[in-house]
Amino acid sequence: MSRQKLPDYHSPFGWIGSKRKMIPILQQFIPPHFNTYYEPFLGGGALYFALSPQKAILSDIDSNLINKWRHFQDDPLDFIHQVDQYEKYLFQYPGRANIPLQQTRFNQMLTEYNESTTKNGALFFVLVKYTFRGIFRYRKKDGRLLASYGFKANSFTPLTRSKYLPLAKQLQAKGQIFNADFETTINHAQAGDFVFVDPPYDSFGTNPKKQRIDNTSWFNQPFNQAEQTRLAQTLIRAHQRGVKFLHTNYPTPHIKHLYRQFNQTLIRGTTQNKTTKRQHEEIIITNY
């Protein structure tokens, strides 16, 4: 078996569409044996850390995200130290009563990040962590990070820091990280390898009253239905090479049609915040 169980450590990286809460469900679909683990839409890497595969190829098209991962992999002590310093600055005056001051400092950090030619992975981590509801966007004309401060208590505790180092060691020993398009990454997978595919979800047809939900600005590169089709074609070629894949998405007519030759399982999920709780369906697609 090419994967092992880490202690109860979760991915340190939150991300839009994180699969952290879906791990118990996804683990039921993981093949018991595979060679190299591939994840071409890396995001927060929740499933990667949960599986702890012996060999992994991890990639994403978002260069800011990959800079963060590489900083964490290459020099975890420096990454942790810098995160600690940024959080101390942000929360020098803690508590909800000081939210206006925290917001000012958050905006200063955001400006620092956008105006720097060398993107700091630790700073990107802090900005994403404390943005409102974890949602940020890229400005289409120049790629600048757009984010609003969302108050959270400082959670970067000594206990949290102590859990980060084993994860970094796992990356150093078993993971290779690339800034690459999904097609480039998947094309390297060979017979016996396993690819976990968690792209930006197809939004066309998910809401009868609002057929088109623009989620492309969340990402550096648009991911429309043409990209969904290109992804399906890439996975079909991988399937023909003997590669195993698990793909998550919304069960839209477009997605169901693209993967009509493969196994499709519908699951129910819940999206919840302080004011609303919504049920939704997702689809898990496998070729094994």
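Every residue gets a Cβ built from N, Cα and C, even glycine.
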Out of Asp60, Asp181, which is the one TrEMBL records at the S-adenosyl-L-methionine site of Trp15, Lys19, Asp198? Asp60
Cβ-centroid neighbours of S-adenosyl-L-methionine site Trp15, Lys19, Asp60, Asp198, 8 Å, sequence order: Gly17, Ser18, Glu39, Phe41, Leu42, Gly43, Gly44, Gly45, Ala46
Can you check what DSSP calls Trp15 (S-adenosyl-L-methionine binding site), collapsed to helix, strand or coil? coil
